[in-house]
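Have a look at the structure below, then the notes.
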Amino acid sequence: MTRILDNDLIGDEGSVERTLRPQYLREYIGQDRVKDQLMIFIEAAKRREESLDHVLLFGPPGLGKTTMAFVIANELGVHLKQTSGPAIEKAGDLVAILNDLEPGDVLFIDEIHRMPMAVEEILYSAMEDFYIDIMIGAGDTSRSVHLELPPFTLIGATTRAGMLSNPLRARFGITGHMEYYQTADLTEIVERTADIFDMEIKHEAAYELARRSRGTPRIANRLLKRVRDYAQIMGDGMITTQITDKALTMLDVDQEGLDYVDQKILRTMIEVYQGGPVGLGTLSVNIAEERDTVEDMYEPYLIQKGFIMRTRTGRVVTEKAYQHLGYPYEKTIKT
């Protein structure tokens, strides 16, 4: 069953996000540190009439990495060509993409950490010196062909920056860490989305929805659609704080933005492992989830909210988690 709080795209959300996508940095809400840096770097590159240095955007899913890539291209006034790591299966696939670039273009590779190593190695010379050497033919008739490339900007996006090889990571001149959004920024995003889709929402309701959206715009916009449905059927269409709370409670999204899977993780750690420490692999088996899913989708928010700590011997539940779930806190828990 799909989680309402899943960070990844669900259904037609890709087209919805394109509708909501800001075009320029001044329209982009949140991520101020990344925006401020990019504003300087982009303006400097434009004044020198050079391509922007290659950019690596990393952080949890749903925080606007793809949107930021499009905004960068718009700010530069150039075209953006989009692909993803899993879509580039062979070296020839990447060569075809690179050979199609025009001077100054932006090449956006989502999930760049999932590129095969043979493909990644072609990027090294392309990023550093704007050329590639490829082998044509086979056996005794094979020969090396040198292809010059126009200056371009590669923007890579990843949720797993640690999985990038050192040679690839070193070739990005600009890195942007996309962080979970502040509630005030998410409130503004919710109100902007409501305005675009002609929804009526009280400011206090937008704040409540934002507060329970795990710091993620994608989740906030998804919850807004479900709260709107609830308001239309169970109310008069106006999204109020009371309507928002009832709708989110119905969706099993609690006051801290946790759903049943998050609570299952915490309850399992408390009831089965006495609060920990417990290894991630062991915990994943117990709750019947993939290890990578727990590490990428659930754990970051639980750590950010202070419900779980990472220690040398495993994950440990915090006193805050005990209190939130109504368990007596054991002072002897090992950390």
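Don't overthink the numbers, they just go from 1 along the chain as shown.
Using N, Cα and C of the backbone, Cβ positions are placed for all residues, glycine too.
Here Swiss-Prot flags 1-181 as region 'Large ATPase domain (RuvB-L)', drawing on sequence analysis.
In the shown protein chains, 20 other C-beta atoms lie within 10 A of the C-beta of Thr66 (ATP binding site). What Swiss-Prot lists as ATP binding site is Leu20, Arg21, Gly62, Lys65, Thr66, Thr67, Glu128, Asp129, Phe130, Arg171, Tyr181, Arg218, and the listing cites sequence analysis.
The Mg(2+) binding site annotation in Swiss-Prot covers Thr66 and is backed by sequence analysis. DSSP classifies Thr66 (ATP binding site) as helix under the three-state reduction.
For the region 'Small ATPAse domain (RuvB-S)' (182-252), the model's average pLDDT works out to 95. Look at Swiss-Prot and you will find 182-252 tagged as region 'Small ATPAse domain (RuvB-S)', backed by sequence analysis.
Swiss-Prot lists 255-335 with the feature region 'Head domain (RuvB-H)', giving sequence analysis as the kind of evidence.
Under the heading DNA binding site, Swiss-Prot lists Arg291, Arg310, Arg312, Arg315. For Arg315 (DNA binding site), the Cβ neighbour count at a 10 Å cut-off comes to 23, with all displayed protein chains included.
The sparsest Cβ neighbourhood within 10 Å, among the listed binding-site residues (Phe130, Tyr181), is found at Phe130. Secondary structure at Phe130 (ATP binding site), taken from DSSP and collapsed to helix, strand or coil, is coil.
Here the candidates are the binding-site residues Gly62, Thr66, Glu128, Phe130, and by Cα distance the one nearest Arg310 (DNA binding site) turns out to be Gly62. Note: the region 'Head domain (RuvB-H)' (255-335) comprises 40 helix, 9 strand, 32 coil (DSSP; helix = H, G, I, strand = E, B). Distance noted between the C-alpha atoms of Leu20 (ATP binding site) and Arg291 (DNA binding site) is 33 Å. Secondary structure of the region 'Small ATPAse domain (RuvB-S)' (182-252), assigned with DSSP and counted as helix (H, G, I), strand (E, B) and coil, comes to 51 helix, 2 strand, 18 coil. The binding-site residues in question are Arg291, Arg310, Arg312, and the one with the fewest Cβ neighbours inside 10 Å is Arg312.
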